[in-house]
Amino acid sequence: MSILLLHARYQFLETIRVPIAILGTLLFPPLFMLLFVVSNPAVGNHPTAATFAAGQMAFFAIVSAYMFNLGAGVAEDRARPWQSYVRTLPAGPVNELGGRLLNAVALALLSLIPVTLVAALLTEAHASVGQLAGALVALVLGGLPLLLLGLAVGYALPLKAAVPVVQLLLFPMAFAGGLFLPPRMFPAWLDALSQALPTRAGRDLVVGTLTGAPTAATSVLVVLGWTLVCAGAAVFAYRRDEGRRFR
Amino acid sequence: MTTHHARALSATRDFDGVRALDAVDLDVGAGQLVGLLGPNGAGKTTLLNLLTGLRRPTSGRVELFGGDPREAGNRRRLGVTPQQTGVPETLRVGEIVDFVGRHYANPAPVGDVLERFGLEGLERRQSGGLSGGQQRRLAVALTFVGRPDLVVLDEPTAGLDVEARHVLWEALREYHREGGTMLLTSHYMEEVEALAQRVVVIGGGRVLADGDPDDIRARVGTHTVGFRAETPPPDLPGITRREHDGNRVRLLTGDSDRLVRDLVASGTEFHDLEVTTASLEEAFMSLTSGDEPTRRES
């Protein structure tokens, strides 16, 4: 376990030593908050609407941290000879993978800070401590399908392809999942499609715990289903990569 | 009884149907200093990858301290050199040494490691900001951080200037004096001769020769003797390979002094004589070109 934490610590150090790489993850969610919520009094000054918007944007922060850090990070690791060296050290490959995942979760939690500050200081969004704690759990767990999808992309594609593919997957799913605009503004067909997406289901769980709004039970099932599908894809891509480089 | 630190038993490795390593037997006993020589694509790296647990053999077996190198526990006494280009650029020198050391039970103190490889004072420098030579020394230093009983060095001094190379050689010799076992590859014949007590030549995925450096030197052409001659010289002893290009003759030999004396004594009319050290590639041509007499029976 201590070796796993060692890997996580140095992964994290490496990540934060290139500030520009994590700037997007930290900056875009609060920037979107400023553009779409703070500058729009109808939402920003409306407690419920502002809380919904903050929950959506916090979830976007989480999934984008997961997908970029793992999609690009794993693809980059695979391209480096350093990883082959690390594999000759007396520690199993599980330590490196575990370290990567811990690093991604740490970054995701870090990315919540700016967006939460903007919501708390510049909008009428509000939530109790209990609601915030519940939302934190919903954010981390609701994002699991996207974490696994990022891992799958990182193991399946070279770095040059991984970054655009993450963008192509993340932004349409974030939009259609209601992370930028609330789903009640969607046309009926998009709302129907949206129900099947992991981003929508995760978003519903997050805003549900954050505001106490009723959440459909199917949201949990959708997140679980996508978790299984994406876990399958990640395991497949991981094994294929292992087979190519370390068998 | 000798204890084997690393061993290959009829190890064969195929990549997509292409045989990279063909039934290789090799044993590296405790305290030995073994140089692995061979042209690019000979199978050296594949062999090292098998012995350090990065790859598994298609057939046959490899052992590290008597166990499977792919099990982390069997790598506790192993040190490997990373490729210099791969060291994480944003991490500081001290951090990288610390990271590697924490994988081992009894790592050497960071300061000691840096001092031994001439990197003192650079502990807080990011590795990406080091000079090429410093990066190379850091890579080699990492091999020794865990106080290993066996080190595997792939081209340890590639790209270093002569002085830095000699400093590194001294560190490697010191490790050996303290009882360490070493398996190294090199492109420099000189390096293998300076360090290794035993040389293993690999070509085409097979072990072509295995012996002490003098023995190997005698059997591979280490010098080329070139000249122009209207009539080709007779077949003199010690020639491991000959090339004719018009009236230009190039002879590969292990003993150029003797060959020149014999050449003069043979009465051959020659001019434009030139004696050069053969490149490793040339030297191995004499072993790998399939001349049966140079191949050891195994």
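Including glycine, each Cβ sits where the backbone N, Cα and C put it.
Per TrEMBL, domain 'ABC-2 type transporter transmembrane' is recorded for A:9-208.
Long-range contacts of the transmembrane segment (A:20-38) within its own chain (CB-CB distance under 8 A, at least 6 residues past either end) are made by residues 44, 50, 53-54, 57-58, 60-61, 64-65, 68-69, 107, 110-111, 113-115, 117-119, 122-123, 180. Marked as transmembrane segment by TrEMBL: A:20-38 (among others).
Per TrEMBL, transmembrane segment is recorded for A:50-70 (among others).
According to TrEMBL, the feature transmembrane segment maps to A:101-122 (among others).
Distant neighbours of the transmembrane segment (A:128-149): 55, 58-59, 62-63, 66-67, 70, 101, 104-105, 108-109, 112, 169-170, 173, 198-199, 201-203, 205-206, 208-212, 223, 226-227, 229-231, 233-234; these residues of the same chain sit at least 6 beyond its ends, with a Cβ under 8 Å from one of its Cβ atoms. Annotation source TrEMBL lists transmembrane segment at A:128-149 (among others).
Per TrEMBL, transmembrane segment is recorded for A:161-181 (among others). Residues of the same chain lying 6 or more positions beyond the ends of the transmembrane segment (A:161-181) and with a Cβ under 8 Å from any Cβ of it are 32, 36, 56-57, 59-60, 63-64, 67-68, 71-72, 74-75, 146, 149-150, 153-154, 190, 193-194, 197-203.
Feature annotation from TrEMBL assigns transmembrane segment to A:216-238 (among others). Counting only same-chain residues 6+ beyond the ends of the transmembrane segment (A:216-238), those with a CB under 8 A from a CB of the stretch are 97, 141-142, 144-146, 148-149, 151-156, 195-198, 200-202, 204-205, 208.
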